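S.K.: Below is the structure I would like to discuss, written out as structure tokens.
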Amino acid sequence: MSGFFITGTDTEIGKTMITAVLTRYFLDKGVEVFPYKPVQSGAEWKGDRLVAPDTVFYERFAKRQFGEETNTYLLKTPSSPHLAAAMEGKKIEAKPIINQTQKLLNSHELVFVEGAGGLIVPLNEEETMIDLIGRLSLPVILVARAGLGTINHTVLSVMALKQRNIQIAGIILNRVTPHELPEIEEDNRRMLEKLSGVPIVGTFPYINEDEMEELDVGHILEKWNIHVLEEAMEDESRKAY
Ligand SMILES: Nc1ncnc2c1ncn2[C@@H]1O[C@H](COP(=O)(O)OP(=O)(O)OP(=O)(O)O)[C@@H](O)[C@H]1O
Ligand SMILES: [Mg+2]
């Protein structure tokens, strides 16, 4: 049993994409993985069932179903979770999420918990995402933009996590636009490692919708420092016993 909390420098930065990619990669390697999205705003009706778009994406990418345990709070309003909950007469509490994470960690080899938005996104009037991460005690994978504008957001996120003594396993850079300048990307990588002191696990390329199903994830991740995550997993497993 080990797990990671997947957060990002922003909303729409690729947390779901990276969670899906890592899920498929480790499943292909024979690791029994479970992706968990505790708080989903912008949930959608599919027939008579409310579903999380992020879970639908994991399932499509990993080519398997994960069932209802993948979500704890499904909110229809596409806004910050605290506002969506308030508008729907609900309150998001950390406790059910902590309990569900523990249950999943006990029953799966590897669990990825995807946040909502970035670190200082409110869950309710008292707590933000970073408070939840601190209480879950999972190492963090930080998803950041590969191109222009990433240094400021990424280093600020790392500073916030370090201030709380939250372990950061690594940073994954994601190409959210098709034409990133290689010189900028290369320099971003170098400066991010220097300024944050956190290892860069790898860069994920921009992919088109129609490439997704047949994407050779193993081939892309061959170039990554995936051992950074594997070592964090081993440390986690040792802690558990
Ligand atoms: N590498 C990529 N190549 C092409 N499109 C991408 C890539 N990464 C993300 N996207 C697209 O960008 C959008 C946002 O990505 P994603 O849903 O993974 O972000 P997120 O950080 O999980 O957002 P949220 O905060 O809403 O959970 C999606 O439409 C996704 O398909
Ligand atoms: Mg997402």
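One is the number of the first residue shown, and numbering goes on along the chain from there.
Cβ coordinates are placed from backbone N, Cα and C, and glycine is handled just like the others.
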S.K.: Quick check on the annotation: TrEMBL has E114, G115, A116, G117, N174, R175, P205, Y206, I207 binding ATP, so which of D54, D131, D235 does it put in that site too?
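M.R.: Site partner of E114, G115, A116, G117, N174, R175, P205, Y206, I207 for ATP, according to TrEMBL: D54.
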S.K.: Which of these, T16, T23, T150, T154, does TrEMBL say binds Mg(2+) at the same site as D54, E114?
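M.R.: For the Mg(2+) site that includes D54, E114, TrEMBL also lists T16.
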S.K.: Compare the C-alpha of R175 (ATP binding site) with the C-alpha of each of the recorded positions T16, K37, S41, D54, E114, and give the closest one.
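M.R.: Of all the candidates listed, T16 is nearest in space.
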S.K.: Which of these recorded positions has the least crowded Cβ, counting other Cβ atoms within 10 Å: K37, R175?
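M.R.: Sparsest of the recorded positions K37, R175 by Cβ contacts within 10 Å: R175.
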S.K.: Just going by other Cβ atoms within 10 Å, which of the binding-site residues T16, S41 has the emptiest spot?
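M.R.: Fewest other Cβ atoms within 10 Å, among the binding-site residues T16, S41, is found for T16.
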S.K.: For ligand 2, pick out the recorded positions K37, S41, G117, R175, Y206 that have a CB under 6 angstroms away from one of its atoms.
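M.R.: Correct list: empty, so none.
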S.K.: Relative to ligand 1, which of the recorded positions T16, K37, S41, G115, R175, Y206 have a Cβ found under 6 Å from one of its atoms?
M.R.: T16, R175, Y206
